[in-house]
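Asker: Features from Swiss-Prot:
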type	residues	note
ACT_SITE	Asp13	active site, proton acceptor
ACT_SITE	His41	active site, proton donor
BINDING	12-18, 40-42, Arg304, 330-332, 412-414	GTP binding site
BINDING	Asp13, Gly40	Mg(2+) binding site
BINDING	Asp13, Glu14, Gly15, Lys16, Asn38, Ala39, Gly40, His41, Thr128, Arg142, Gln223, Thr238, Arg302	IMP binding site
BINDING	Thr298, Thr299, Thr300, Gly301, Arg302, Pro303, Arg304	substrate binding site
Amino acid sequence: MSSIVVVGTQWGDEGKGKITDFLAEQADVIARFSGGNNAGHTIQFGGETYKLHLVPSGIFYKDKLAVIGNGVVVDPVALLKELDGLNERGVSTSNLRISNRAQVILPYHLAQDEYEERRRGDNKIGTTKKGIGPAYVDKAQRIGIRMADLLEKETFERRLKENIEVKNAYFKGMFNETCPRFDEIFDEYYAAGQRLKEFVTDTSKILDDAFVAEEKVLFEGAQGVMLDIDHGTYPFVTSSNPVAGNVTVGTGVGPTFVSKVIGVCKAYTSRVGDGPFPTELFDENGHHIREVGREYGTTTGRPRRVGWFDSVVLRHSRRVSGITDLSINSIDVLTGLDTVKICTAYELDGEEITEYPANLDQLRRCKPIFEELPGWEEDITGCRTLEELPDNARKYLERISELCNVRISIFSVGPDRDQTNLLEQLW
């Protein structure tokens, strides 16, 4: 039995989808464990580019199961749109499995997301307005509707009517707005559930069977550790737990099933949305990184904020996610810069600190302490080993590994599959 968890170590958009797809070649089952269609990942497969939001990366392998675990919140209409898009391009989706315990996103969740952001004004979180947070709130309040409920007409009808009554009272009191009506939701979403019915099952049992059969299971994370609701830059975070530990809760397997945790990062840092970002760049270096790296959100299309690599962030992610191996992407984006910088610590009120603060006001006062290294001009997009990299590029990666106390097992020098290079055997 062997299993690998892939997590983002920064604020999402680190290239997890590409690394998951790369590792999926040798896996038997690929499972998502958190988030929803607020996540976006770009996959290169068969010479084509695909942008996925809910569907696991393993969907492209007909002989492997692609699992949406119970920790994922599912918008059935959005999921069907994604599946139909794949089918139209000749991709079979018959290998998809959806947990019957996954929570369902409904139109009132999207409306609530919009109203909440509007209410916050200048203090808005910067959500994708996909209804993710409100769906997780309903789950915690024990009024959420699960996939198993959606499939049963009478259950769905009863639960939906009850929830609309609750939402109407809340929307009127908080936002002076009304909830979407029952007749605007029921028929469309019940029909969507019936179309998805063939995929819905107890996915925990599927994963347990895979472990018993000593198959290889790959757990695909969404967002990044710094967006984790407990361990990220709270409150500028997502509403779930992208950390590796959530695999057990979000898929229904025990912690003893996890063998390795691959932390994915870029050779720099990027972020979509609001919140503190100590190493953020506003100069020509930032412009270079954003344009060369095509740093625009897969889901939102918004320009991402970019900055130098932050080892304080990565050490925090390594600790709270138990990262055993590092995958560094987009090293090629830094080519052409005279010098490159790594944040080694922060200065807070005149004192040097090496751990990530929990207090947001303290974090805003933090100033990055940088170590400056020489850049490189050589084209590295064809490099396949560390030895083939220019000395300065190799030393840059080695310094990251040293500062973060984790070995580099994968490095990537471009978007294509053959530009992703394995240094250590992971399966």
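Glycine is no exception: its Cβ is also placed from the backbone N, Cα and C atoms.
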Asker: Of Asp13, Lys18, Asn38, Gln223, Val413, which recorded positions come within 10 Å of Arg304 (substrate binding site), going by C-alpha to C-alpha distance?
Answerer: Asp13
Asker: Please list, in sequence order, the residues in the chain of Gly15 (GTP binding site) that are at least six apart in sequence and whose C-beta is under 8 Å away from its C-beta.
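Answerer: Listed in sequence order: Val264, Lys266, Ser327, Asn329, Ser330, Ser412.
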Asker: List the residues of the same chain that sit at least 6 positions away from Thr300 (substrate binding site) in sequence and have their Cβ under 8 Å from its Cβ, in sequence order, or write 'none'.
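Answerer: Correct list: Thr128, Val272.
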Asker: Cα-Cα, whole number of Å: Asn38 (IMP binding site) versus Ile331 (GTP binding site)?
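Answerer: Asn38 (IMP binding site) and Ile331 (GTP binding site) have their Cα atoms 26 Å apart.
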Asker: Take the C-alpha atoms of Lys18 (GTP binding site) and Gly301 (substrate binding site) and report the distance between them in angstrom, rounded.
Answerer: 19
Asker: Determine, to the nearest whole angstrom, how far the Cα atom of Gln223 (IMP binding site) is from the Cα atom of Gly12 (GTP binding site).
Answerer: 4
Asker: For a quick check of packing: other C-beta atoms within 10 Å of the C-beta of Asp13 (active site, proton acceptor), how many?
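Answerer: Total other Cβ atoms inside 10 Å, all chains included: 26.
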Asker: If I take the alpha carbons of Val413 (GTP binding site) and Pro303 (substrate binding site), what is the distance between them in whole Å?
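Answerer: Cα-Cα, rounded: 22 Å.
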Asker: Hey, how far is Pro303 (substrate binding site) from the residue listed as 'active site, proton donor', Cα to Cα, in Å?
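Answerer: Pair distance, Cα basis, whole Å: 16 Å.
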Asker: Within 10 Å of the Cβ of Gly12 (GTP binding site), how many other Cβ atoms can be counted across all chains shown?
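Answerer: A count of 28.
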Asker: Give me the largest Cα to Cα distance among Asp13, Glu14, Gly15, Lys16, Asn38, Ala39, Gly40, His41, Thr128, Arg142, Gln223, Thr238, Arg302, the residues the record lists as binding IMP, in Å as a whole number.
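Answerer: Overall maximum Cα spacing for these binding residues reaches 34 Å.
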Asker: Just going by other Cβ atoms within 10 Å, which of the binding-site residues Thr42, Gln223 has the emptiest spot?
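Answerer: Per-residue Cβ counts within 10 Å for the binding-site residues Thr42, Gln223 bottom out at Thr42.
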Asker: Please identify, among the recorded positions Asp13, Gly301, Arg302, the one with the smallest Cα-Cα distance to Thr42 (GTP binding site).
Answerer: Asp13
